[in-house]
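What TrEMBL says about this protein:
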BINDING   A:Arg213, A:238-239, A:252-256, A:269-276, A:Asn290  FAD binding site
DOMAIN    A:8-192  domain 'Electron transfer flavoprotein alpha/beta-subunit N-terminal'
Amino acid sequence: MAEQNILTYLPVLPSGELVGSAAELLGAAAQLGTPVGVIVTSPGAAEDAARAAGELGAAAVYVAEHEAVGTTLTEPAVNVFSTVWETTQPEALLVPNDIDGRDLAARLSVRTRSPIASDAVGVHRDEEGIVAHHSVYGSAFTTESATTHGALIITLREGAVDHRGQAVTPQIHRVELGELTGPAAAITGFEASVEASTRPDLRGAATVVSGGRGLGSAEGFALAEQLADALGAGLGASRAAVDAGYAPHSLQVGQTGVTVAPDLYIALGISGAVQHLAGMQTAKTVVAINKDPEAPIFDIADLGIVGDAFEVVPQLIETLQARNS
Amino acid sequence: MKIAVLVKEVPDSYGERRLNLTTGLADREASDKVLDEITSRAVEAAVSHAESADGVEVALVSMGPESAEATLRKTLAMGADSAHHVLDSALAGADMTLTAEVLAGVLQRIGCDLVIAGDVSSDGTGGVIPTMVAERMGAAHATSLDTLSITDSTVAGERAAYGGTVTVEAQLPAVVSVTERLPDARFPGFKGIMAAKKKPLETYTLADLGIDAEADVPRSIMLSVTESPARTAGEKITDEGDAGKRLAEYLTEKKLV
Ligand SMILES: Cc1cc2nc3c(=O)[nH]c(=O)nc-3n(C[C@H](O)[C@H](O)[C@H](O)COP(=O)(O)OP(=O)(O)OC[C@H]3O[C@@H](n4cnc5c(N)ncnc54)[C@H](O)[C@@H]3O)c2cc1C
Ligand SMILES: Cc1cc2nc3c(=O)[nH]c(=O)nc-3n(C[C@H](O)[C@H](O)[C@H](O)COP(=O)(O)OP(=O)(O)OC[C@H]3O[C@@H](n4cnc5c(N)ncnc54)[C@H](O)[C@@H]3O)c2cc1C
């Protein structure tokens, strides 16, 4: 039997680069069948993006370029995917579990009558088909799910899959955008994010340093940034720190933020509320620095330090720097 | 204008949340049940719009077990006008496909111009129901909005996009979902609580909506459930002026730096 087509949604950044999740989407697709990339973008960006997809393992790439991508929400992508779906008869579609990925998954699920396996952290195939792995209730339980029959749409948690595809020269197919008929929201403005951070993305970073309300102010939060930079780590924050305006929402770790599973997680001035733990308790090693000896974060920390972060962290950075020079 | 708010009852995340290891279903006895915080923000958005504009009616819509009725009653006290509850034993363990079909079914039955939902629920964490409902209703969607503005004929807001933020706007009818950037819910006052007792709360079965939970359509099924081992506390030290150095040693020893 020929290998089944596994479609992946590969969003493109304004810079023309593929979004970071492309590598893991194609990696996961390679574990299941023939990875097929689909790129729907504003005119000009598709060729380079398609080649980049090949380097990440896409055997075939379907590309569509159209102005509507920048002016109409979701519908252009749904339109192109409906066409590619007909042509490729996929066994599964993998999308990033982000806002745009979920909207696409939702519309296609209803149109193609395919169920959704949501927030998957891994995939495999058994005799009966594709199985998605999930980590639910703040990682307290692990589950596996599948579809009763037909194709499965999977929203893949960012940073969760390590497998990578093999570089190939992809077959590139152009797809025309059909007439947009369904009602859709208009995109009336775009503002590029200012921070061109050189830090590794929080999702998928080997080390994450997070700061909480205990850092006291936006200036105090710089302590977490300094430690993150000293360690080459991704930066995170608690919801209280985000609510207080110390850090942008995109850095929030926890139940209603990002879920991370790094090798090392360092929590500074974070109490350890259950909703925060939900986003980080599968880290391999947890270090917590907190003034309050009773803080619940110590219950799950491999090394807990009862102390003032503003004293402990500078000394840590100094010691590490002295060692490295 | 009629605004429907999709509200969901969930196990309280402050308490223990469990899955039944045999059936894979949420263990409803294990936890206290609360209105999902994000849906309380959706209610707040609807009710505060109703206060600022003329002729706006707010209906709460929920699919959930019997206990959801008490949660709906409590939520009515925030200032909504009516509540609509789909209650049917065939819905235990419903997947997203069925949930979206049911919610779109009630929404079409009661009729509305705007649907406001939460972006992602705290238990299922799918984040797809609002757009699935929009597709079934033939309406536009504008999901995960960090800001929200409503007029008689449009709804608009900002949301995260690849490499920035976009502003989106949809003509009504539309389905939107909001993020926790929106204001927290109000505490209902005594007057609100008293008034809620007399507000209409209707219950629907699947038969009422003409939906067959057993229809032979593809469904998501759970194959296995395993409980992860709980994390335990390791070493705890108190800073005596050298904790930074000791931490450096610890990280170096464990090859973490
Ligand atoms: C539905 C829902 C969803 C939620 N989702 C999330 C989520 O995704 N992520 C999240 O983080 N939270 C979430 N929360 C909020 C959560 O319950 C907590 O309120 C939040 O995590 C607290 O953040 P914090 O630890 O920074 O602040 P606090 O609890 O205020 O803790 C601050 C800590 O800093 C310590 N401290 C103070 N000064 C110092 C110092 N100089 N040095 C060292 N330590 C110091 C204090 O001892 C204290 O323990 C959610 C809540 C709900 C209800
Ligand atoms: C741990 C867990 C994992 C699950 N995994 C899957 C899976 O992989 N695939 C699958 O098909 N199903 C899954 N389910 C079932 C799914 O969660 C339910 O069908 C649920 O009713 C809808 O999904 P959600 O809560 O993730 O919704 P989301 O899409 O996250 O909810 C967003 C918003 O939609 C509205 N909404 C959602 N549900 C309701 C409701 N019942 N009543 C009123 N408004 C509502 C609310 O406004 C909510 O804020 C899972 C359930 C659990 C508990």
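Any Cβ shown, glycine's included, is placed from N, Cα and C.
Curation plays no part in TrEMBL annotations; they are all automatic predictions.
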Could you say whether, by DSSP, A:Gln252 (FAD binding site) belongs to a helix, a strand or a coil region?
strand
Far apart in sequence but close in space: which same-chain residues, 6 or more away, have a Cβ under 8 Å from A:Gln252 (FAD binding site)?
A:Gly236, A:Ala237, A:Ser238, A:Arg239, A:Val242, A:Val258
Which residues in the same chain, at least 6 apart in sequence, have a Cβ under 8 Å from the Cβ of A:His276 (FAD binding site)?
A:Gly212, A:Ser238, A:Arg239, A:Val253, A:Gly254, A:Gln255, A:Ile270, A:Ile297
Among the binding-site residues A:Ile270, A:Ala273, which residue has the fewest other Cβ atoms within 10 Å of its own Cβ?
A:Ala273
Quick one: of the binding-site residues A:Gln252, A:Gln255, A:His276, which have a CB under 8 A from chain B's CB atoms?
A:Gln255
Proximal but sequence-remote residues of the same chain as A:Arg213 (FAD binding site) (Cβ under 8 Å, at least 6 apart):
A:Ser238, A:Ala240, A:Ala241, A:Ala244, A:Tyr246, A:Gly269, A:Ile270, A:Ser271
Over all shown protein chains, what is the count of other CB atoms within 10 A of the CB belonging to A:Gln255 (FAD binding site)?
22
Could you say whether, by DSSP, A:Ile270 (FAD binding site) belongs to a helix, a strand or a coil region?
coil
